[in-house]
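Structure first, commentary second.
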Amino acid sequence: EGKSLRDEEILQHLPVGTTATLYFKDLGPQIGWTTVFLIEYTGPLFIYFLFYFRMTFVYGLDERFTSSPHPVVNLACICHSFHYIKRLIETVFVHRFSHGTMPLRNIVKNCLYYWGFAAWLAYYINHPLYTPPSYGKKQINFAVIMFLLCEAGNFSIHVALSDLRRNGSKTRKIPYPTKNPFTWLFFFVSCPNYTYEVGTWISFTIMTQCVPVGLFTLLCFIQMTIWAKDKHCTYLREFKDYPSHRMPIIPFLL
């Protein structure tokens with residue numbers, strides 16, 4: 001049975017004889033992962049502002065619609081912007097991609113997902129008829145603290161994973177907790193970056209108390225659980241000494 005070669009493998013170094021047969025597959029137009037992420041994450045950042053600044057073509061010309069009386073609307077914009085600015089910074093300075101490119105056609109699907117949901121969330125959060133959370137400042141303050149902790153955790157995990165591939169190495173290694181307390185989640189799950197990411201959107205849901213945000217969070221959780229399970233299975237397959245007590249995304253459960 002054939003075996004796919006990794007991007008970094010060199011033909012002269014492969015353990016094969018002179019009669020090896022190589023098959024080439026046209027993957028079609030490709031685009032670099034860094035470019036993909038920059039496009040995916042820049043879109044939501046600016047799309048959200050169209051609704052936050054109450055552009056006239058969105059909610060109409062009525063003067064009552066030009067600003068929101070609820071401070072949580074401003075806070076939600078700050079948190080949403082912070083999230084995607086952090087992602088852009090990580091894309092440029094932190095992430096090290098195991099694959100150089102992805103099919104160009106996939107970027108359309110990805111952008112529709114990220115950009116479309118950003119518009120949907122922003123429309124309702126910034127809507128003139130938006131109502132603030134039921135429990136007021138207590139609910140909002142709790143959500144903000146949770147949001148910041150999850151963002152810090154997500155960033156810490158990305159840095160820890162990046163450190164495993166210093167000097168351009170693409171060799172896969174088992175990630176372990178470091179001195180940073182946010183990385184201690186590695187004791188319990190294989191993909192704590194996804195755990196923190198889901199936590200970020202749960203906190204944003206609590207902060208805004210908005211149904212579309214909750215639905216987006218649910219879809220994020222489903223998709224990230226699929227990714228986490230795939231990565232967890234890869235770890236188990238590649239490393240015989242992989243910690244058996246770890247779960248893919250939720251400690252002790254999933």
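Cβ coordinates are placed from backbone N, Cα and C, and glycine is handled just like the others.
According to TrEMBL, the domain 'TECR-like N-terminal' annotation covers 2-26. Across the residues of the domain 'TECR-like N-terminal' (2-26), the predicted structure has a mean pLDDT of 63.
The annotation domain '3-oxo-5-alpha-steroid 4-dehydrogenase C-terminal' is assigned in TrEMBL to 101-254.
For 31-53 (among others), the entry in TrEMBL reads transmembrane segment.
Here TrEMBL flags 112-130 (among others) as transmembrane segment.
When Cβ-Cβ distances below 8 Å are used as the criterion, the transmembrane segment (142-161) is approached by residues 75, 79, 82-83, 86, 90, 94-96, 133, 175, 178, 180, 182-183, 185-186, 192-193, 195-197, 199-200, 202-204, 206-207 of the same chain, each at least six residues removed from its ends. What TrEMBL records for 142-161 (among others) is transmembrane segment.
Among the features that TrEMBL reports, transmembrane segment is placed at 181-196 (among others).
TrEMBL lists 202-222 (among others) with the feature transmembrane segment.
Here the transmembrane segment (181-196) has long-range neighbours at 150-154, 156-158, 160-161, 175, 224-225, 227-228, 231-232, 235, 245-252, meaning same-chain residues at least 6 beyond its ends whose C-beta is under 8 angstroms from one of its own. Listed by sequence, the residues of this chain that lie at least six past the ends of the transmembrane segment (31-53) yet keep a Cβ under 8 A from its Cβ atoms are 73, 77, 80-81, 84-85, 87-88, 91-92, 95, 97, 99-104, 106-107, 110-111, 114-115, 117-119, 121-123, 125-126.
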